[in-house]
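Quick notes on the structure that follows.
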Amino acid sequence: MVQFTAFQGTANLQSSINATDGLGTVSLSAIYAALVVSCIFLPTLIIRKLTAKWTLVFSMLCYAPYIAFQLFPRFYTLVPAGILVGLGAAPMWASKATYLTQVGQVYAKITEQAVDAIIVRFFGFFFLAWQTAELWGNLISSLVLSSGAHGGGSSSSSVNNTITAEDLQFCGANFCVHRVNGHSNLERPPEHEIFEISMIYLSCILAAVAIIAIFLDPLKRYGEKRKGSQSAQELSGMQLLSATFRQMKKPNQQLLIPITVFIGMEQAFIGADFTQAYVSCALGIHQIGFVMICFGVVNAVCSILFGSVMKYIGRTPIIVLGAVVHFTLISVELFWRPSPDNPIIFYAMSGLWGVGDAVWQTQINGLYGLLFRRNKEAAFSNYRLWESAGFVIAYAYATTLCARMKLYILLAVLTLGCMGYVIVEILYRRKQRKVKRQEKDEFDKKEKEKEAEANKTGIDSNINGLPVPVEETDDELDDLEEDIIK
């Protein structure tokens, strides 16, 4: 939460405060392009060398230069700093996912609850904390920007009062980056406000690293090298590297690629395109934080809610909800004409997008943990790889395509992703039914063998004139085992 208070707040402003030549969007694209490479080569190796805890510590430090260089935004400063963030992000997210999954499995065993429900619940708690970063990060940026001249806090008139009808007609789905030069709502804030925001965010990064280093338990306390896990196997560096590639050959992994790509694309859209084409264009840069706070709060609440509710209603109804919400929102945004006269609509859109994002973040993360329990590092590396590919794709066309075309692309990828998920769910349930049938057949076979043996014993006893011994029932044996345990 503390780490991403800084990063999310900074990232949400990039397309607006560093709009010249698309610098902000290019730097974000560099982050996720580097993350794709990092996902393939680094996580399993670094987690093996440093352990999950210290991988988190060193990976989180990689975010500091990107925040610091907001004070001196150039292509030769922000892009290399963004690449460093990307290289550190993949090991960070993979170690986080490995930590949560491992602890979730141990907790499920101790409490005798379903492993998949516990893992999803743990991810729900994590994303509750993570998404509240949207609240704090955006609150900081909006309060700083609103108090200054850029937000109308000085004697100068508010930006919203100077917006013209001609400017508004290029907002929303009609927004194109190359057509907005001179737009009154998209001017860079004063440098002293950027300095104030950057110093606050940089302090957050350093505080987050200290919290992890000092207070987080090492994963070895919960079986970091537990028998049967990928982490427990002593593999060479090349074998660990190839684990990520082998993971891509699995049918379930291939089917989950489209929905994982969509998760990256929809986050890129809400963080860069929605904030620029809808919020900044119609309301002004100083309103970005307030609108995104709504996204973060709803996302956080829904993350914990869906994680807890899943054990009662299952995974499928929640994912259906996410799909319906995003299909509806994308369709509405194609025709909605944003106006500063109706600010409540911006908050409603942002909040509903948070509902959809919470579904994908908790359920798809949990699904990866459930399907690939023995290859957690490689599985979550693939998750981050394809999610990052979604970010890269979205940022790559951010400065060339208009908002309307971006929305059409989102619709197409979401449709493909939902189709892939349905197939995965069918295959998983079919496998579960097959396992249950095999267990039942084995149980029936053992019962028949016991019955045959009992009949044989009874015949032998009758022949010898001896009474037939009374066999203890399964319930009695269970009671006996409980007494022994007690």
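Every residue gets a Cβ built from N, Cα and C, even glycine.
Predicted, not measured: the structure shown is a model, and the values here were computed from it.
Quick look at what TrEMBL annotates:
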- 26-47: transmembrane segment (TRANSMEM)
- 54-72: transmembrane segment (TRANSMEM)
- 78-94: transmembrane segment (TRANSMEM)
- 114-133: transmembrane segment (TRANSMEM)
- 194-216: transmembrane segment (TRANSMEM)
- 255-279: transmembrane segment (TRANSMEM)
- 285-306: transmembrane segment (TRANSMEM)
- 318-338: transmembrane segment (TRANSMEM)
- 344-371: transmembrane segment (TRANSMEM)
- 383-401: transmembrane segment (TRANSMEM)
- 407-428: transmembrane segment (TRANSMEM)
- 437-486: region 'Disordered' (REGION)
- 438-454: compositional bias 'Basic and acidic residues' (COMPBIAS)
- 471-486: compositional bias 'Acidic residues' (COMPBIAS)
Same-chain residues near the transmembrane segment (78-94), Cβ under 8 Å, at least 6 residues beyond its ends: 7, 18, 23-24, 26-39, 42-44, 46-47, 55-56, 58-63, 65-66, 68-70, 377, 380-381, 383-385, 388
For the transmembrane segment (344-371), distant same-chain residues with Cβ under 8 A (at least six beyond the ends): 97, 100-101, 104, 115-116, 119-120, 123-124, 127, 131, 252, 256, 259-260, 262-263, 266-267, 270, 274, 278-279, 282-283, 287, 290-292, 294-300, 302-303, 305-307, 310, 315, 318-319, 321-322, 325-326, 328-329, 332-333, 336, 338, 379-380, 382-383, 424, 428
In contact by Cβ distance (the transmembrane segment (255-279), the transmembrane segment (407-428); 3 or more pairs under 8 Å): yes
For the transmembrane segment (114-133): best-contacting stretch of 54-72, 255-279, 285-306, 318-338, by Cβ pairs under 8 Å: 285-306
For the compositional bias 'Basic and acidic residues' (438-454), residues assigned helix / strand / coil by DSSP: 17 helix, 0 strand, 0 coil
Seg_contact(the transmembrane segment (194-216), the transmembrane segment (54-72)) with at least 3 CB pairs under 8 angstroms, min sep 6: yes
Other parts of the chain folded back onto the transmembrane segment (383-401), taken as Cβ under 8 Å at six or more residues beyond its ends: 15, 22, 25-26, 28-29, 31-33, 35-36, 39-40, 43, 86, 89-90, 93-94, 97, 176-178, 244, 256-257, 260-269, 272-273, 364-365, 368, 409, 413
